[in-house]
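Swiss-Prot annotations:
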- 43: active site, charge relay system (ACT_SITE)
- 88: active site, charge relay system (ACT_SITE)
- 184: active site, charge relay system (ACT_SITE)
- 7-141: disulfide bond (DISULFID)
- 28-44: disulfide bond (DISULFID)
- 76-236: disulfide bond (DISULFID)
- 120-190: disulfide bond (DISULFID)
- 152-169: disulfide bond (DISULFID)
- 180-205: disulfide bond (DISULFID)
- 1-229: domain 'Peptidase S1' (DOMAIN)
- 81: N-linked glycosylation site (CARBOHYD)
């Protein structure tokens, strides 16, 4: 997270960290949506990874920290055919449920769609310098704004983004506040509702007029609820 500060230890009980089993490198975030399921970005998938819940400092563990591995992973269309503007979403079923504790609690899915102009909070253990690989020990948090989708389309002509998309655009037009490498998969929380999953942005991060894109959770609710209910062949929104 660029331009933020250390998150309050009590404000991110739903935030999970994905890290490689071998090198213990933290590579993505995610959001606990109930005792057994985590929502993150499809591009965060790896062969072997673990999920750390209830974590704040990487060096000093919380007493209620928990580790899980994926029992099942679900992708929209049950394939990995996500593109920059579509289907960058993955549902992970944990190998065993977690109980709520001091630093662990799920975040409910959104009850209404987000509105442009909302203030949104982003969080994660990703880079805190736009260009250097400086990673913090604790998660950083910052507020950004939900922008018109066109504001993510115009600055990136090379991506040939479609006119409409199940993607949210969020950032600060003057730059300086943004998600960055390592924050992918983490939540975008607008007006207190979980509305987006960090998907992609510019490199270097936080440049003026180069906001980032977030997968729109609201558009995928039916798919999410179906998968959790056991309808594993549920189709993704077209």
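In case you wondered, yes, glycine gets a Cβ from its N, Cα and C as well.
Swiss-Prot feature annotations superimposed on the structure.
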| residue | record | DSSP (3 states) |
| --- | --- | --- |
| 43 | active site, charge relay system | helix |
| 76 | disulfide bond | helix |
| 120 | disulfide bond | strand |
| 152 | disulfide bond | helix |
| 169 | disulfide bond | strand |
| 180 | disulfide bond | coil |
| 190 | disulfide bond | strand |
| 236 | disulfide bond | coil |
Rounded distance in angstrom between the Cα atoms of residue 88 (active site, charge relay system) and residue 43 (active site, charge relay system): 6
Candidates 152, 184, 190 (recorded positions) - the one closest to residue 28 (disulfide bond) by CA: 184
Residue pair residue 44 (disulfide bond), residue 184 (active site, charge relay system) - Cα distance, angstrom, rounded: 7
Residue among the disulfide-bonded residues 44, 180 whose Cβ has the most other Cβ atoms within 10 Å: 180
Cα-Cα distance linking residue 184 (active site, charge relay system) and residue 236 (disulfide bond), given in Å to the nearest integer: 21
Where residue 88 (active site, charge relay system) falls in three-state DSSP terms: coil
